[in-house]
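So that you can see what the record holds, here are the features copied from TrEMBL:
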type	residues	note
REPEAT	94-127	repeat 'TPR'
REPEAT	128-161	repeat 'TPR'
REPEAT	199-232	repeat 'TPR'
REPEAT	233-266	repeat 'TPR'
Amino acid sequence: MATLSELVNDFQDKIASIQQALKSPDAKAQSARLEQEIRSLYKEIAVGIKHLNALHDSVKSLIDQYKSAAVSDDESKVMIRSFVETMRTDSLGSSTYVAEGWNQICSGEFEKAIGSLSNAVKLNPNDTRALGLLGWAYSYQGRYDDGLAVCLKVLQLEPNNDAVRNNLGFISFKKGIFGEAIEHLSRVIKSGKDRPAVLYAHYYLGLVYLERQMLDDAMFFFSKATVLGPNLIEAYYHLGQVYYQKKMYGAALKEWQKCLKLSPHNWWAKKAAEQIELLKSDEV
């Protein structure tokens, strides 16, 4: 059975052969045959692309299943990756290293992502897209000081980069600098330019206030996050946590059940299922 590389080489040979025939003196006389060959080759490649896209989607599904099974991930890692996945590779430009780094973050290969994105930065030290993703990769690995330095550099170059300011807010939260976290995340919300950033700014603010036990504020921001992002499963999970701490057990149960309905195999859904079992055991 031919490998993918062999099939690609075969197509390249066919293309080269047709190109050569088109340059020959009798190309006009052979026009009907050449047209048929080009049409046939085009159809073959189109079918191949269709199958490859289907395979690509299957692999992405495997990645999602793998990430759901990897329950050893701590919550902060899942929070970060969730936001990075809202970015699209086609908005990252043509840099192979940048696109590679984005894919590696989404696949959970964070050390590799740091390597790829560091290479991108070496090639272009002021590439804010590469720097921004590098900041998220550092954050995922808990290297908050490295992430902070990268974020500050990006904001020197692009003061209105809301995605990076979001990361800065998250880093401040993880470092326990709650005032700065609130300031950065509130600024993202006020800007309103980057919709995913605004959504996650609400969610991260909810985390800040939950950590500080300011439950009414946490409830407000988690609730707003579920309105802005109806599929943001982690917001429902943490909203359930708020209700539980407020002893509103029925409301907590409803939020955790929403997690199970949204995506039963998701990491947050598994956490919600654990909380539901604990709640039921408390009632016994």
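We number each residue from 1, going along the chain as drawn.
Here the Cβ of each residue, glycine as well, is placed from N, Cα and C on the backbone.
All TrEMBL annotations are machine predictions without curation.
Computed from a predicted structure; not experimentally measured.
Long-range Cβ contacts of the repeat 'TPR' (199-232) within its own chain (Cβ-Cβ under 8 Å, at least 6 residues beyond either end) map to 79, 82-83, 86, 162, 166, 169-170, 173, 178, 181-182, 185-186, 188-189, 238-239, 241-243, 245-246, 262. Secondary structure of the repeat 'TPR' (199-232) per DSSP (helix as H, G, I; strand as E, B; remaining residues coil): 27 helix, 0 strand, 7 coil.
For the repeat 'TPR' (128-161), the DSSP counts in helix, strand and coil order read 27 helix, 0 strand, 7 coil.
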